[in-house]
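First up is the structure itself, then whatever we jot down about it.
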Amino acid sequence: MALVSETGVDVSTDGITVVLGSQWGDEGKGKLVDILCDNVDICARCAGGNNAGHTIVANGQTYDFHILPSGLVNPKSVNLIGSGVVVYLPAFFHELENLVKKGLDCTNRIFISDRAQLVFDYHQRADALNEAELGGKSIGTTGKGIGPAYSTKATRSGIRVHHLYNWPEFESRYRKNVRDLQKRYGAFEYDVEGELVRYKELAAKLQPYVVDSIAFIHTGLKEKKRILVEGANALMLDLDFGTYPYVTSSNTTIGGVCTGLGVPPRAIANVIGVVKAYTTRVGAGPFPTEQLNEIGDHLQKVGREFGVTTGRKRRCGWLDLVVLKYSTLINGYDSLNLTKLDILDDFKEIKVAVAYIVDGKRIETFPADLDSLESAEIIYETFPGWQTKTTGITRWEDMPENAKKYIEFIEKFLGVPIKYIGVGPGRDEVLVKH
């Protein structure tokens, strides 16, 4: 085992490498993507919107990413926002301008699919009204309008990037969507005329960034470009396989890569799952291993568990291997990146969930019926902690024995090798375990 910075990490030229979140998000995908992007020609987003968020520290600068692919930090990579993404144009340009102010040259390095759906202010208004209607049973969305944007997509009333360049069609769709929302919510005041003027200006500003993403990505594959896909959110937030209805509105699994970029499954060469060494979640929804005690408080404080997008405190608990086994079955990980191992350094003992007892029966796969989890008993394996710093360790041989046992148990339980191990917040504090 050695530091990533010493060994280098290569990305295949024989197909797409995908980085996916394996839990409820915030696993640390951005840092791995940043490292991998040192050797990438194309970095792409395939789903979600600016509800995702992560921070990258490079070249003495801190960069916050929400809608843009983090491959922009590497001056050699070209970046693509795919067809499965929903894009709020003011946020797109705001984020881009912030990167340029910090010295990143983004010229001819960021492109957006002409098939991507657009998010508008009326989607954000609808998002807030939906949450208010749900009251105590609200989902805990980011309020960015992502769900309503995917809703209009599903009902075929959505507006795509290419509609900006067929203005009569754009205007007709825009006016109808606002009228429909006014019928739905009643008091829904909205400056349609002002927004249409704004979007005419944004259309002209956006035009140099718009591409046929299908031709773009398949040309890259044909030319043996090194392509990395940066997953947003995570498996347990997937619309179909997550903790429904406490999920996001897109497909955040490996299937979403194919549908969001327009590539066949055989084009994917390598799938890396990112796993936090414990578990966190933002917003409402089931969380079987949540620790509403000093353990959760310690993880939250030491792990600096605040959302990049919302600033909300993350809920914290022990690692859940039932969730991760389920995640592995669906996404088919070739390897894992275990992050934030150092946050566990001070614990005298560490627990890992290996099964649930539901209605008197032991289950080892995550159930669809979330109500059954409310009374579930969690079966844990308990490990002695290592109670020594892992930050600064550069070789597997120097890793505390109890930390090795923890890592090896996870590998054996899931049947997937842990290739990357994070032992600190810095870009160079990631070890490659061969």
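Just so you know, glycine gets a Cβ as well, placed from its N, Cα and C.
Record check: Swiss-Prot places D26, E27, G28, K29, N51, A52, G53, H54, T142, R156, N233, T248 at the IMP site, and the matching candidate among R312, R362, R395 is R312. The C-beta environment of G28 (GTP binding site), restricted to residues of the same chain at least 6 apart in sequence and closer than 8 Å, consists of H54, V274, K276, N337, T339, K340, G422. In the structure as shown, the Cβ atom of K313 (substrate binding site) sits within 10 Å of 13 other Cβ atoms. Looking only at the recorded positions G53, H54, N233, G311, R312, the densest Cβ neighbourhood within 10 Å occurs at N233.
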